[in-house]
């Protein structure tokens, strides 16, 4: 990935082995060494996915634990994926003391109760274009519940394009559609979008609370400045 992007001040990395990539063993020490690099600011994407690969759940759990342990050791937050594994995900987060490093549940698709338990663990909760889907009322209820200073938005591109782009390849720029939808859902005035867009507020919140690494500060400050000058 470094070879692909080259040396750029506004690009940082996360480091991890996805739960769907547990068919082969990996070297935990190699993961730790990669995670210790200055431009690696988070662990993951890690977590549990029992929907697609329930047969690897034991390996998934072990890998998830390794990622949290490295995150705690290096003081780097974890980016968590969960599907059909709610109870085990929450249990491992608690047992492994994830509050020591913090994290974000990305592409959140759970309910209000689960959101509350994640908030109790100090987590941020990130919503993708799924929140705009017609049949996602339970998810919208959870989004209304999550306070703005703990709420993030994302695209999870190239999948899950938000309304009005359903059926198209998702693009990073479509995060604006998710953020605008969330602004309406949270009762924020859209007329103030260009002056103080929710995505800026969300970036600032994760900037100051979740990841204190200087390179993350640079990246989010550039995002904020570029968005406000657009």
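Every residue gets a Cβ built from N, Cα and C, even glycine.
Where the annotation comes from TrEMBL, it is an automatic prediction and has not been curated.
What TrEMBL records for this protein:
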- 45, 156: divalent metal cation 1 binding site (BINDING)
- 81, 106: divalent metal cation 2 binding site (BINDING)
Inset, instruction - Taking only the Cα atoms, work out how far residue 45 (divalent metal cation 1 binding site) lies from residue 81 (divalent metal cation 2 binding site), in Å, as a whole number. - result: 7
Inset, instruction - Count the Cβ atoms, other than its own, that fall within 10 Å of the Cβ of residue 45 (divalent metal cation 1 binding site), considering every protein chain shown. - result: 20
Inset, instruction - Looking only at C-alpha atoms, tell me how far residue 81 (divalent metal cation 2 binding site) is from residue 156 (divalent metal cation 1 binding site), rounded to the nearest Å. - result: 11
Inset, instruction - Might you list, by sequence position, any residue in that chain lying six or more from residue 156 (divalent metal cation 1 binding site) with a Cβ less than 8 Å away from its Cβ? - result: 106, 107, 128, 129, 170
